[in-house]
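Novice: First, the structure itself, so that you have it in front of you.
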Amino acid sequence: MSASATNGTHYEQLHQGRTKMYKSKVDVVLGAQWGDEGKGKVVDMLASDVDIVCRCQGGNNAGHTVVANGTEFDFHLLPSGVVNEKCVSVIGNGVVIHLPSLFDEVLKNEAKGLQHLENRLIISDRAHLVFDFHQHVDGMQEAEKGGKSLGTTKKGIGPAYSSKATRNGIRVGELLGDFNLFSEKFKSIVATHVRLFPSINVDVEAELARYKDYADKVRPYVKDTICFLHTALRNGKTILVEGANAAMLDIDFGTYPYVTSSNCSIGGVLTGLGLPPQTIGEVIGVVKAYTTRVGDGPFPTEQLNDIGDLLQTRGFEVGVTTKRKRRCGWLDIPLLKYTSLVNGYTCICLTKLDILDTLPEIKVAVAYKKPNGEKLDHFPGTIAELGNIEVEYAVLPGWQTSTEEVRNFKELPENAQSYVRLLESELSVPVRWVGVGKGRESIINVH
């Protein structure tokens, strides 16, 4: 028997006799740009049909807005699907949790009408804790960088992930175990940070007393989420994952170092929830009809002009978490091709198309070029290279009529439909939904 035949037999054997362990799949919603694409609204729309909604990474540096029954909810740690009282919300092991912020968020949204959270929120016992001193260190590190700051949210996310990576972080499960052991670990991690940052001041005894109270408050919510999710999949439960931040903020694939401290791409879903690759079903890339970015870092299609101002004003582009104005620019196809390559989008939700309604013409970035005019066949791997590219634009006619009341794709202006089809054609990924307003009712089903 030849080597190729032998290899073929081995490969065939590899795929024979597979048993279907899971009765359902995990669908994933991911931001395809630099965040603020409208993931929360998409999750809210889909959550009405699922059993479980999960957060897998990040912390309260994320900000999602959901409008339900005329009420606007702001979420930072809670999954956006929590507004659906029929589904369970899971905060996975890959999330870092600042407990004071979590309970503040719960109280604020309960005041707006969020109900019965105690029966449908589950927090992983393996999630790491963010402490106040992490936030102080975050602010100090940003201040030290001066004009070269990264524009972080100063929520302590980076320092908490640093503690996790250096193996001196503290997990939720440890808070709920032997409190004497928790106290020892807490004193140790504080001592380490004070040694590195002598100006921070931590009242250790006061913090321990505070966290003893938090242990009692958080205890009813905490479970082994890995077992919970695998049991749910074996029982055919439908699961939706809400990625925080976005692909271009991913610690590995984003515009490093102007990124967040976790994997906001598809890989972060697996590691942040303890799921194997074969459980993944649909991967929905959420794309804003133009591009925005909060904070510092390269932005090839940014418009520092009247167009940028118009997009910022019409789109109400202010960060949910930071309250900073977002930088605005044209849609960037090379960027989206790159994030689609990394994440494997199976479909797209295009949001905020209505913000472009008043423009007589619309530009779309279709290629990056080197200074010598040569087109790039890859997304630049360094900010130096990205800062040195030239952008080639396609100029499309606008539609100059309101799309806000449109609820059928074929009723959109012809030029608006062409804009959607261009994105579909360039990415070779179907656009399944188009958003033309704030509420969930303003999302058009394309197919």
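Cβ coordinates are placed from backbone N, Cα and C, and glycine is handled just like the others.
Swiss-Prot feature annotations, pasted as is:
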- 35-41, 63-65, ARG326, 352-354, 435-437: GTP binding site (BINDING)
- ASP36, GLU37, GLY38, LYS39, ASN61, ALA62, GLY63, HIS64, THR153, ARG167, ASN245, THR260, ARG324: IMP binding site (BINDING)
- ASP36, GLY63: Mg(2+) binding site (BINDING)
- ASP36: active site, proton acceptor (ACT_SITE)
- HIS64: active site, proton donor (ACT_SITE)
- VAL320, THR321, THR322, LYS323, ARG324, LYS325, ARG326: substrate binding site (BINDING)
Novice: Can you give me the Cα-Cα distance between LYS325 (substrate binding site) and THR65 (GTP binding site) in Å, rounded to a whole number?
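Specialist: Here the two Cα atoms lie 16 Å apart.
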Novice: Among the recorded positions listed here (GLY35, LYS41, HIS64, LEU353), which has the Cα closest to the Cα of ASN245 (IMP binding site)?
Specialist: GLY35
Novice: Compare the C-alpha of GLY38 (GTP binding site) with the C-alpha of each of the recorded positions GLY63, HIS64, ARG324, and give the closest one.
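Specialist: Closest by Cα: HIS64.
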Novice: Go through ASN61, THR153, the listed binding-site residues, and name the one with the sparsest Cβ surroundings, counting other Cβ atoms within 10 Å.
Specialist: THR153
Novice: Which three-state DSSP class does ARG326 (substrate binding site) fall into?
Specialist: coil
Novice: Within 10 Å of the Cβ of GLY35 (GTP binding site), how many other Cβ atoms can be counted across all chains shown?
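Specialist: A 10 Å sphere around the Cβ of GLY35 (GTP binding site) contains 30 other Cβ atoms.
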Novice: Using only the residues recorded as binding IMP (ASP36, GLU37, GLY38, LYS39, ASN61, ALA62, GLY63, HIS64, THR153, ARG167, ASN245, THR260, ARG324), report the maximum Cα-Cα distance in Å, whole number please.
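Specialist: In whole numbers, the farthest two Cα atoms are 34 Å apart.
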Novice: Are there any residues in the same chain, six or more apart in sequence, whose C-beta is under 8 angstroms from the C-beta of ARG326 (substrate binding site), and if so which?
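Specialist: Those within reach of ARG326 (substrate binding site), by Cβ under 8 Å and sequence separation of 6 or more, are ASP36, THR292, ARG293, VAL294, GLN312, GLY315, GLU317, VAL318, GLY319.
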